[in-house]
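This report concerns only the one structure given below.
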Amino acid sequence: MKKIGILTSGGDCQGLNAAIRGVAKGLYEEIDDVEIYGIQNGYAGLIHGDYKKMNQSDFSGILTIGGTILGTSRQPFKMMRVIEDENSIDKVAAMKDNYKKMGLDCLVILGGNGTHKTANLLSEEGLNVVTMPKTIDNDVWGTEMTFGFQSAVDIATEVIDCIHTTATSHGRIFIVEVMGHKVGWLNLYAGIAGGADIILLPEIPYDINEIAKVIEKREQAGKRFSILAVAEGAISKEEAKMKKKELKALRASMPYPSISYKIAKELEEVTGHEIRVTVPGHFQRGGSPCAYDRFLCTRFGAAAARLIKNEQYGFMVALQNEKIVPVPLGEVAGKLKKVPVDSDIIEAAKEIGISFGD
Ligand code: F6P
């Protein structure tokens, strides 16, 4: 008999249920006697011993459903070992304790960057861990693609498409703010797919005057509208020179709900045009996974089950060169996969006249 725990951690995304289903089906199929335990609400459930035994039927009919049937929570890595007062607990010790109490043979963890730091820590502490990379940000190191990303790209692209029709009708300048605080993959893909004229990424600091010049050039060429796809984490050239703490304080004191409104205000001043801002926000993480994500999650799930069957622990399943491969957790944890500024995607975008505001 093998006992396997599954948890989903961090911000949700499309495909979590498809991946849960994939690994569960693989386990039931590949291992003769297996029990699966659903740990509730991410690492919080493992810390507090909140879990339930799942039935095979719990994994049916969930392929197309958004969110996660297990619930999730954000569990910052830096909080893990902090013992501040008598009410605080050693979270790592609590997780190890509950893993043992449950009699688990392996813990399957679905998550992004923060989640992988903790997964690696648990693996180093001796727990058998297998992970799957999820996030709409596509910033997990070691895999070319995370699940959730393509679904979010589809949604953000549709937002830009819709904004295009109203922008062209009115001859207006629009900003669409796309999720991604630290990396710009989602905005890069959606911006290109949606035909944005200017794409601002956290990886390429912008200059407001350069953006104004692009808009002016478009006007001179008879284009009455412009669309800017702005990543949540877009940063100006001046801000890029600041220390992290300084920038954080500046952003916290900003009298705008998000960076796009600041850029809109500055652009209004420089260009003299009214700028409209659209922020789809968490809409980008909601709803059904697209076909590609269902496909990827199913492959990831089957690969995770195979690793467990073969008792190969301490790995994340990853997509590399069209193949699903195991990557050691130690190689994944603590790294961020940013958009390389010399990426051929950026080069191609520039070649067709898209500006990055630099
Ligand atoms: O990590 C996924 C993500 O959606 C980011 O793109 C975004 O910056 C962040 O999560 C939002 O976090 P929260 O859901 O906690 O508001």
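A Cβ is built for glycine as well, from the same backbone N, Cα and C atoms used for every other residue.
Annotations in TrEMBL come from automatic prediction, not curation.
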**Complete:** Cross-ref TrEMBL: substrate site Thr135, Ile136, Asp137, Arg172, Met179, Gly180, His181, Arg276, His282, Phe283, Gln284, Arg285; candidate in list Glu232, Glu331, Glu347 matching that site is Glu232
**Message:** Going by Cα-Cα distance, which of the binding-site residues (Gly112, Asn113, Gly114) sits nearest to Phe283 (substrate binding site)?
**Reply:** Gly112
**Message:** Assuming the binding residues for substrate are exactly those in the record, Thr135, Ile136, Asp137, Arg172, Met179, Gly180, His181, Glu232, Arg276, His282, Phe283, Gln284, Arg285, what is the maximum CA-CA distance in angstrom, rounded?
**Reply:** 33
**Message:** Any of the binding-site residues Asn113, Gly114, Thr115, Arg276, Phe283 with a C-beta atom under 6 A from ligand 1? Give them in order, or none.
**Reply:** none
**Asked** Taking the Cβ of Asp137 (active site, proton acceptor) as the centre, how many other Cβ atoms fall within a 10 Å radius?
**Response** 28
**Request:** Quick one: pull the CA-CA distance for Arg74 (ATP binding site) versus Thr135 (substrate binding site), whole Å only.
**Result:** 13
